[in-house]
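**Q** Below is a structure I'd like to ask you about.
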Amino acid sequence: MTDISNDTPARGGSLLVTDARTKRRNRAETRFKAYGIAALAVGMAFLVALLWAILSNGLTAFSQTYVQLDVPLLEEKLDKDGDRDPDKIAKVSTFGYKPLIEAALTDLVAREGIETELDGKALTKILSDSAAAKIRDRVLADPSLIGQTVSFDLLASSRVDGYLKGRVSRESLARDKNLDAAHLDLVDTLREAGAVEKRFNLAFITGADASDSRPEQAGIGVAMLGSFFMMLVVLILSLPIGVAASIYLEEFAPQNRLTDLIEVNISNLAAVPSIVFGILGLAVFIQFMHLPQSAPLVGGLVLTLMTLPTIIISTRAALKSVPPSIRDAALGVGASRMQAVTHHVLPLAMPGILTGTILGLAQALGETAPLLLIGMVGYIATNYPDGVAEGFLAPNSAMPAQIYEWAKRADPAFYERAWGGIIVLLAFLLAMNLIAVLLRRRFERRW
Amino acid sequence: MPPIWTALIVLVIAAAGFVLARARARGAARREARRLHSLLHYYGWTAAIYAAGPALLLLALWLVAQPVVTRSLTWPVLQAEAAEGAVPSLMMADVQRLAAGLDTAASSGRLSPEAARALPPEELRAVMADQGVALGSDVTPATRDAALRWQRVSGLGHLLRDIAVIGLALAGAAWGISRARPDIRARNAVERAMRGGLIAAALIAILSTVGIVLALIFNTVEFFRLYPAAEFFFGTTWSPSFGGGSELGILPLLWGTLYISIIALIVAVPIGLFAAIYLAEYAHRNVRSWAKPMLEMLAGIPTIVYGLFALLTVGPLLVEAFGRGGWLGLGWMQGGTAVMTAGLVMGIMLIPFVSSLSDDIINAVPQSLRDGSLGLGATRSETIRQVVLPAALPGIVGAVLLAASRAIGETMIVVLGAGAAARLSMNPFDAMTTVTAKIVSQLTGDADFSSPEALVAFALGMTLFVITLALNVVALWIVRRYREQYE
C-alpha cells in the first residue's frame, strides 16, 4: 500500500535473531564508541607522557653530587704576614686557593690508598669551578679558620654529577676533553669510601643562575624572586582595575555603543597572541616610556594587560551569579545602587572573583613569550635584588624565562635544570589551582 | 623630591581633609546625624577625593609631559652639532645620562654645577666614570652645555611640579572642607566620583587595544618607509642581515606558520572532537568527572613546558623513527627541530581547547532532538552523526577556528621545536620557522629600533594581530549566533 514498505527489505524470521543489517548497525555503534574511548585514551596518554617526561628528566635536578674534602687552609698561602687583616686576605684571589684544593685531593687519594695515574691538576677536574670561590668565601667570612684543616662539602663538576645520575657514560666521555674514564674510576672508588655522595640539592631551589660553564651551580631561586615581584605587580594592578571594570560593565553600564565596544574589545583582547603583548610592552614601556629593560616592573605591566581580560570575564560571571533579589532587597531598604553593589553584591561575589584572579595569575606565571621581547632572557640572574625597589626595577629573570634560557644552552647538563625548573613552576601552578578549587568548594553557594 | 614623595604628601593632605571635613560636618549637624543629607563619612570622602583626585592626575600628566618639554627646550643647544650629522637620539641619550650624572655628583657634594661648568668638557667623561656613569662618547662643549641646561630646566620643572601639585591638593581639600554642610549631597558626589573611576577602569581595556594598534602601526609604517611593502608581502626569501641588504619576504614565514598549524589541527581536531562526543554522549558521570578535568590540565600547562617537551623529548624520538638510520629507515629527518615536532606538540596542547568548547556546544543541543531521533529507532551513533553533530556544526567550526588562532599565535613551541630556517618546503620533517619565532629572533638582542631588520618584527606582529583578530571575530560570531539558535 505505502511506498515505505517497498524500500525496506521485508523482515522474515524471528525477532529474536538479529539480521545482517542490524548487526552492521550495531557494529558501527560499537566502533563509534570505540573511537571516542580511543580519542580520550590518546589524550590521557599524551598527558601521562608529558608528566612522565617532566618527572623522569627533572627530578634528578633536585639532587646533586658533593665531594667531602678536608682542605688545609695554609697560613703561608692565604695570609703571609699572619696578622689576619681582612683586606690582605681578600687580595688572595680564587687562583690562590687552587693549590690548596689540589693538595687536599692528592692527600685524599693517598689516604684512601687509591692508585690512579691522575696528578694534582687533573684531579681537580672532578670538582666544580666554583669550589675555590666557595672556600674563599668561607675564609673571608671567618679569617680565624686560617691555619686549620677544615672539612668542606664541595660541588662535583657537572660531568661527575652526570655520571652518578647516568647521564654521562664512559663512551660519551671519549670525545670530552674535560674528563677521562680514569676520573670515573676514581669517583667510583671515592664513592665507596663515602667521600663522594649525592644529596638533596636545596641550592637548586634557592640559588642563582650560573654561567655557561657551571651547570652544577645553577639554581632557580633568583628567577623565582623575579616572578614573585612580577606577580605582585600583576596582582596590585589587575585585581582592582579588573574588578572595577567588571562592576561598571555588569552593574551600571547602559546599553550603548561605548559599552558594546568595550565588551567586544575585552573578548578579543583575551585571544590576542601573547607575543603581541610583548611587542606592545617593548614599544610602549621601553621604547616610549624608557622604563628599564629586563625589569620585573615592565614584565608585570605587560602581564597585567594580558591578565585583565581573564579577570574581567571571571569577575563578571561571579557578579552575574549573585541573584537580583539581593540587589532589590538592598535598594528596597533605601541603599543607593553603589551601596547595594559595594555592601552586598561584591562581598557575595568575592569568592568567585578571587578564584578567577588566582587562575589569571597562574596563567600569567607560566607565560614566557612576552618576556622574551622585554629582555628577561639572555640575562644571567646571579644576584638577589637588594631591596624591594631593586626587586621591581633591577634586571632579573622569571621562572619560565630562566627555563627557556637553560633550554637554549649548549651543555646538556642544563636540560636537567630546565626540567627541574619546570617541576618547580608546575608545583606553584598546582598550588595556585588547588587554592582556587578549595576556595570555590568552600564558598560556592547555590542560590 | 621624587614623585613618590609628592604623591605621599598629597595622600596625607587628603587624609587630613577627610578628618577635617567629617569633623566640620559633625559640628554643622550639631551631633544629630538626621540633619545631614548623607552619612558622615561621605563628607570626609568628598574632601579627600577633591584633594587627591585632581592633584594626582596633574602629577601623572606632568610626569609624562616634562621630559618632552625639557627635550624641546634643550634641543636648540645641540642643533648646530646635529647639523653635522650626529644621530640626534644618541646625542640626547648622552645628554640625559650626563645630566643624571651631574645630579648625583651635585647631591653627593663632589661636583657643583658651577664647578662642572668650569671643567673642560674632555675631563667630564672621566669624572663621570668615577661616579659610575658610563657615557657613550666623549663630551663635547655642546653636550656639556645641553646637559647643564637639561639639569637646570628639569630642576625648575620638578620644583614647579611639586608646588603646583601640592597647591592643588591643598585647594581641593579646602574646597571639600568648605562643602561639608548639611545641605550638600555628599553621597551623590562620592558616588559620581566612584562611578567615574569605574568607567576609567573599563576604558583601560580599550586603551590597551589602542596601545597595541598604535605601537604596531607606527613602527610598521616606519618599516614600510625603509622597505617596500610589496616585497615584504610577496617576497619568497627571508634572509635578514644586520649589515644591510636583507631580503624580508613574509611568505616563507606564513607558510611555516600555516603548515605547523595545519598539522596541529589534524592532531587536535579528531582527538578533541571524539573525546568531547564520548564525554558528552556516552561517558558515565563518574568517568566524566575525572576525565574532563584531566584533559583540561593539558590547557593549564604553560607553553614553555610544551616547548621543552618538543625540543628534548618529541624531537629526538621522531629523529629515531624518521631520521637517517632510524627504525623506519626512511632518512627523511635531519634534526629534531621540524614542522612535525612543533605541529605534533602543538596539537597536544590544542586538544583541550577543541574538546571543552565542543563539549559545551554538544551539551547545548536540546535533548528533544536526541529523543526524537532515538524514538524513531536510530542507534546512538546514528543520532550523534545525523542529528547532534549537524546541529552543533557551526559551534564546532567556531571552536576549531579559535584553536587555529591559538595555533597561529603560539610562540614558545615553535621557538624551541620548529627550527630557525625560513624555507618554502613541503616536507613536514624539515625545519621551518614561523612569524612568531621570527618576531622573537628579530627583537631579542641589542638591535637598534631604526633598522628595517628590527622594525620588520612590528610588521610581522601586525600581520599576526590582523590574522588572529579576524579568526576570532569570525569564530565568536559563529559561536554566539549558534548559541542564540537554541536559547
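Note: Cβ is positioned from N, Cα and C throughout, glycine not excepted.
Positions annotated as domain 'ABC transmembrane type-1' by TrEMBL: B:254-475. What TrEMBL lists as transmembrane segment is B:6-23, B:43-65, B:159-177, B:198-218, B:258-279, B:299-319, B:331-354, B:387-408, B:454-479.
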**Q** Given a Cβ distance threshold of under 8 angstroms, which distant residues of the chain, six or more beyond its ends, lie next to the transmembrane segment (B:159-177)?
**A** 1, 3, 6, 9-10, 13-14, 16-17, 20-21, 24, 46-56, 58-59, 62, 66
**Q** Going through B:6-23, B:43-65, B:198-218, B:387-408 one by one, which has the most CB pairs that fall under 8 Å from the transmembrane segment (B:331-354)?
**A** B:387-408
**Q** For the transmembrane segment (B:198-218) and the transmembrane segment (B:454-479), does the number of C-beta pairs under 8 Å, pairs 6 or more apart in sequence, reach 3 or more?
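**A** Between the transmembrane segment (B:198-218) and the transmembrane segment (B:454-479), contact is present.
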**Q** What residues in the same chain, six or more past the boundaries of the transmembrane segment (B:258-279), come closer than 8 Å to it by Cβ-Cβ distance?
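**A** Tertiary neighbours of the transmembrane segment (B:258-279) are 287-288, 291-292, 295, 339-340, 342-344, 346-356, 358-359, 362, 384, 389, 396, 400, 403-404, 407-408, 414, 418, 428, 432, 434.
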**Q** Report, as numbers and ranges, which residues of the same chain sit near the transmembrane segment (B:43-65): CB under 8 Å and 6 or more residues beyond its ends.
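**A** Apart from its flanks, the transmembrane segment (B:43-65) reaches 3, 6-7, 10-11, 13-15, 17-22, 24-25, 36, 157, 161, 164-166, 168-170, 172-173, 175-177, 179-180, 184, 186, 189-190, 193.
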**Q** Using a Cβ cut-off of under 8 Å, list the residues of the same chain at least 6 residues beyond the transmembrane segment (B:6-23) that approach it.
**A** 40-41, 43-52, 55-56, 59, 161-162, 165-166, 169-170, 172-173, 176-177, 179-180
**Q** Taking residues 6+ outside the transmembrane segment (B:387-408), which of them lie with a CB under 8 Å of any CB in it?
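**A** Sequence-remote neighbours of the transmembrane segment (B:387-408) are 257-258, 260-261, 264-265, 268-269, 272-273, 277, 281, 346, 350, 353-354, 357-358, 361-362, 364-365, 369-370, 372-373, 378, 435, 464, 467-468, 471-472, 474-476, 478-479, 481-483.
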